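J.: Taken from Swiss-Prot, the feature heme b b562 binding site applies to His83, His182, supported by similarity to another entry. Under the heading heme b b566 binding site, Swiss-Prot lists His97, His196. Per Swiss-Prot, the feature ubiquinone binding site maps to His201; the stated evidence is similarity to another entry. As annotated by Swiss-Prot, transmembrane segment applies to 33-53, 77-98, 113-133, 178-198, 226-246, 288-308, 320-340, 347-367, with the evidence given as similarity to another entry.
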Amino acid sequence: MTNTRKNHPLMKIINNSFIDLPTPPNISSLWNFGSLLGACLTIQVITGLFLAMHYTADTTTAFSSVTHICRDVNYGWTIRYLHANGASMFFMCLFIHVGRGLYYGSFALLETWNIGIMLLFSVMATAFMGYVLPWGQMSFWGATVITNLLSAIPYVGTNLVEWIWGGFSVGKPTLTRFFALHFILPFIISALAMIHLLFLHETGSNNPLGMSSNSDKIPFHPYYTTKDFLGLLLLILLLMTLTLFYPDLLGDPDNYTPANPLNTPPHIKPEWYFLFAYAILRSIPNKPGGVVALILSILILAIIPFLQPSKQQTMMFRPLSQFLFWILVADLLTLTWIGGQPVENPFISIGQTASILYFSLMVFIMPMTCLIENKMLKW
């Protein structure tokens with residue numbers, strides 16, 4: 001008798017990816033976040049689909065339709081806040097996932113790492129467009145400020161911005177196209193995630209020691225399915241706590257005011273997960289420089305594999321690099337805090353210092369430390 005799980009064309013793919021997949025026996029809970037991101041994406045697609053059934057992408061009715069979802073649709077408020085806070089969970093898992101990749105040297109798996117960077121950009125674009133859809137004050141002004149950054153591109157900038165807007169300012173065409181793109185992008189993200197997994201399974205997972213585990217593997221099921229399920233329960237617990245007890249904790253009160261092009265909010269800021277990049281953007285006084293720094297703040301991840309001369313893949317046995325890694329984390333938290341503050345001293349100077357430190361750590365300090373650690377191996 002043949003085993004359907006191992007011979008059926010479709011089941012075989014699932015089996016080789018989630019059941020009989022040979023896995024290192026020593027990967028920690030930090031490796032759970034890949035599956036948690038998959039769970040977040042599923043939650044976002046399902047809640048988003050139900051929201052799209054009631055939402056209208058029109059400047060005159062968008063705000064009212066969101067109010068209608070919260071007041072009149074059965075459990076509409078739950079779906080709306082699950083979707084909004086689900087995005088926060090998504091980014092929390094993303095940042096930990098990327099941080100784990102940096103700490104344990106997973107960037108050595110180049111194809112997987114580069115697809116991951118593409119995924120990060122796609123998720124950020126999707127979240128930005130989703131924030132515009134409720135058509136509150138922060139939605140409108142956030143869309144205006146961020147899309148306006150493209151005008152810093154020489155020659156074509158202004159035309160490009162007007163092309164994206166579909167007019168001479170953010171309006172109905174902008175909202176309609178943002179809704180269309182916000183709807184389609186998660187499916188593109190799903191496809192990219194599958195390619196991400198495909199490349200990962202070509203080489204196999206990294207592990208905390210950074211050593212080859214080919215001589216000692218265990219099947220993914222039941223060991224890691226159980227472990228991932230525990231992580232999923234904790235994620236759902238946190239998401240439901242946020243949604244049911246503190247639904248507006250991470251939102252902006254300004255977004256409960258309908259969009260008004262004639263009234264600018266005191267200080268425009270994006271959602272918390274973009275604040276670190278926003279702080280880097282604001283720390284540079286001229287527009288083109290700020291835009292370049294903003295893009296480089298994420299794109300710098302692509303050159304990390306070429307800036308790591310260390311003879312050990314992970315930071316597990318490299319205390320100097322560990323110390324610098326946690327300084328980098330503290331620096332990013334500082335940038336996140338600064339991004340939410342008004343543009344005045346001392347916040348300007350703190351933001352500039354933190355931005356310089358961020359790029360210095362990534363490009364100079366950490367690679368130099370790797371060279372010192374290589375020397376220390378010979379002592």
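Positions of Cβ are set from backbone N, Cα and C atoms, glycine also.
Since we're looking at a predicted model, the values are computed, not measured.
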J.: Quick one: of His97, His182, His196, His201, which of the binding-site residues has the smallest count of other CB atoms within 10 A?
T.: His201
J.: Given His196 (heme b b566 binding site) and His182 (heme b b562 binding site), what distance in Å do their CA atoms have, once rounded to a whole number?
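T.: Cα to Cα, His196 (heme b b566 binding site) and His182 (heme b b562 binding site) are separated by 21 Å.
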J.: Please work out whether the transmembrane segment (77-98) lies in contact with the transmembrane segment (226-246), by counting C-beta pairs under 8 angstroms that are 6 or more apart in sequence and asking whether there are at least 3.
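T.: As far as Cβ distances go (cut-off 8 Å, pairs 6 or more apart), the transmembrane segment (77-98) and the transmembrane segment (226-246) touch.
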J.: Measuring Cα to Cα, how many Å separate the residue listed as 'ubiquinone binding site' from His83 (heme b b562 binding site)?
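T.: For the residue listed as 'ubiquinone binding site' versus His83 (heme b b562 binding site), the Cα atoms are 30 Å apart.
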J.: Cα-Cα, whole number of Å: His97 (heme b b566 binding site) versus His182 (heme b b562 binding site)?
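T.: Spelling it out, the Cα of His97 (heme b b566 binding site) and the Cα of His182 (heme b b562 binding site) are 23 Å apart.
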J.: Name the secondary structure element type, per DSSP in three states, that contains His182 (heme b b562 binding site).
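T.: DSSP call for His182 (heme b b562 binding site): helix.
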J.: Check for me, if you would, whether the transmembrane segment (178-198) reaches the transmembrane segment (320-340) - at least 3 Cβ pairs under 8 Å, residues 6 or more apart in sequence.
T.: no
J.: Tally Cβ pairs under 8 Å between the transmembrane segment (226-246) and each listed stretch (33-53, 113-133, 288-308, 320-340, 347-367), then give the stretch with the top tally.
T.: 33-53
